[in-house]
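Structure first, commentary second.
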Amino acid sequence: MEAITNNLTAAQAEAVTHIDGPLLIIAGPGSGKTRVVTHRIAHMLHRGVRPFQIAALTFTNKAADEMRMRVNLLAPGQPVWMGTFHRFCAQQLRRYASMVGLQENYSIYDTSDSKSAMKRAIAAAGVSTTHSTPEQIASAISRAKNRLITPEIMQQQSGRASDSVAARVYPVYQQQLLLANAVDFDDLLYHFARLLRENPEVRGELDAKLKYIMVDEYQDTNLAQYAIVRAMSVDHPNLAVTGDPDQSIYGWRGADLNNILDFEKDYPNVKTVRLEQNYRSTPNILAVADQLIRHNRRRKPKELFTENPDGENVILRQYEDGYQEADEIADEIATQMMAGNAEPRDFAIFCRMNALTRSLEHALRNRGLPYQIVNGVEFYQRKEVKDLLAYLHLINNPSHDVAFQRVVNTPTRGIGATTIGRLQRFADSQRIPMLEAARRANEIDALSKRAVTMVSKFVTIYDRLRKKATASLEDLLRYLVEETHYIDFLEKSAMEKEDANPAANVDELISAAVEFDRMHPDDGSLDAFLEQVALVADTDAFEDSNNRVTLMTLHAAKGLEFPRVFVIAVEDGLLPHARSKENDQQLEEERRLLFVGITRAKQWCQLSYAKRRSVRGDVRPVIPSMFLSELPRADMTVIESQRDYDFFDSVDEEYPDSWDIVQEPATTIQSVAIESNDAPSTVDRLPNASVIPDLYMDEPSAVTKKPKSSKPSIQTGLKTASELLDSDRVPLNLYREGSTVRHPEYGEGKITSLVGRGPKRTAKILFDNATGEQTFRLAFANLELVQ
DNA sequence: CCGGCGCGGTTTTTT
DNA sequence: ACCGCGCCGG
């Protein structure tokens, strides 16, 4: 047990060993926060705290998975609850559903579901949308929920004009959600917060049960989250929060910086620990970040320092335009790789908006550089996946009107907009779900005979599917695809599009279902699966140290680290974003965003802007971001653009287009491994190359240990896409059922099963030690084939 | 009722 | 440049 505090600094140990009473950990970037949190949990367990008394709340699944993995290393197999706020609330609401007007099989609407629900509510409320868009109304309502404002209160307040429109829609929207036995994302927090507020006995019960609550990224909590945490920490105020005010970047979604700034006031006997030493970045990088963030007024001053050795200067670079920026960054990556001291996974490119990744994507693809876009087009957003999920939703919750509308004519069965509109009107007038209206189609005078027949047919199909509701997910899905002739429908409708292969996505969904069936042999209810899907934005939360350049937004970058970082388009209007310049608070948040970006870098960092950039078609001159003038230029390498650059003279001809060569298109990967945030530890110090099989090697020996310097394809330089991507696939074929593999964390194990193809190929591995069985995507896991 | 075409608005960030 | 929406011919 002493071992737990062994490799910690004094400050870290102080935080780790504080168990009872409120604790505030102010943790600068790269200060070993995750290490502290995980060690603290392990320490509490050793001290006799029961695992089910602890709940650790995070904002993202990535963070929760990382935490779970690392706690499991320190204290294997302990059922400590770790997960996102939203998941926590979702699970609690299952138990207390009836107390907020829901049934326990309630559905969670995703953003697009709530959008269509919102449109319907707007129509039903009879407000005109000439002065405010559905999005504006939705966001006003969202803001209200985040601040625990009820429809009634909002109507009384009705300050801004746009708010008064929203105030009229809000009760209607809310009523329709309840009728559909559904909640949106905000409701998960809102309902649960109000439940705690209005039911002292429930509050007391949970407070007593969860004696030790931990909140990660506390600077990003909104009022609802604040209220939830607070309510559960009254009788047992052992609340431990970690955060960094300088990394608060979610103000736009209701996060209130005061929650962390005032924590010491809220909890008078708080113990505060500051982790200021940085173990991640070079002093060069840290100095630039520090200089930048000093320009913020609303913060707690912090001394960031590091004992890491000096590195290269941070580069501030100007390009002619966005295309040159993309091309030259791709070249730079290729150059650094050829120099032999970097591989694709070392690089990350951050931008303010998703749209900016497009030109980078193009440039990387032209050079055959493997890349991944984090949070690009998500699997569960694909049309065919959403269609099938909508069926599942409707089977699980017959009141799910959004799902009904999606599914009733998919595949097309002659039920058009007119019919759906009439069903909707009938449903509204009777205050019944649309499926119920469909059952009573013959009572609806407005419907034609033909429509009644079609609708009845659908209901028949539905009832047949519903009988399978309790079967395994796999069976249910296969049956569903069969009964609806869904594949035929896909083939008929998606004939021309070459890139997509929707049928593969259907397969992939089925594999996900199979996976879920296996992981939840007993409780594998439809309910749980759908909840999982709704709350896990990106599916593969497993190990995926896939060797690719990472493209993502600055928001998505929080909590991650990379050896080499590019931040692109640091330009006025983009960063700070045009819509964030109205007030100082927003401006400061933009500054923090850049701060987060810079502090992700371990060794090398470049900020860039262009002289002109094309937005929405036409080129516009660029004003460099004001933030750039706040940096210590004397200590940086400033490179201005000189030569004329003709973007028509692009590299397309020199490099083959990888998409033509690869039969199985590289899929977009939606998640990225969180690398260690930690102070140096034994594991952290191991050079990556010695434990991670290199997917770029052409020979099967790729999967054996080799020093970095002997990577053939990197040494000889980057070649064509086919070579890179071909070699990417080769090792996968070597894995067989029964193969013995080694994982850097879990040690040796045997492959017990293999499913899926290509990048989706997934293995279940039974480990020799206490870890038990784990599931990995072969293409991304750090597996080493032993025989 | 279906699917194709053209128009206009539109984009910040995410559970 | 892209997507969703509305109009129109089958």
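Even glycines carry a Cβ here, placed using N, Cα and C.
Predicted automatically and left uncurated, TrEMBL annotations should be read as such.
So that you can see what the record holds, here are the features copied from TrEMBL:
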- A:Ala27, A:Gly28, A:Pro29, A:Gly30, A:Ser31, A:Gly32, A:Lys33, A:Thr34: ATP binding site (BINDING)
- A:6-282: domain 'UvrD-like helicase ATP-binding' (DOMAIN)
- A:283-559: domain 'UvrD-like helicase C-terminal' (DOMAIN)
Neighbour-count leader, CB within 10 A, binding-site residues: A:Ser31, A:Thr34: A:Ser31
Three-class DSSP secondary structure - A:Lys33 (ATP binding site): helix
Assigned element (helix, strand, coil) containing A:Ala27 (ATP binding site), judged by DSSP: strand
Under 8 Å by Cβ from A:Pro29 (ATP binding site), counting only residues of that chain that are 6 or more apart: A:Asp244, A:Asp246, A:Gln247, A:Asn278, A:Arg280, A:Ser281, A:Ala289, A:Leu304, A:Phe595, A:Val596, A:Thr599, A:Arg600
All-chain count of other Cβ atoms within 10 Å of A:Gly30 (ATP binding site): 27
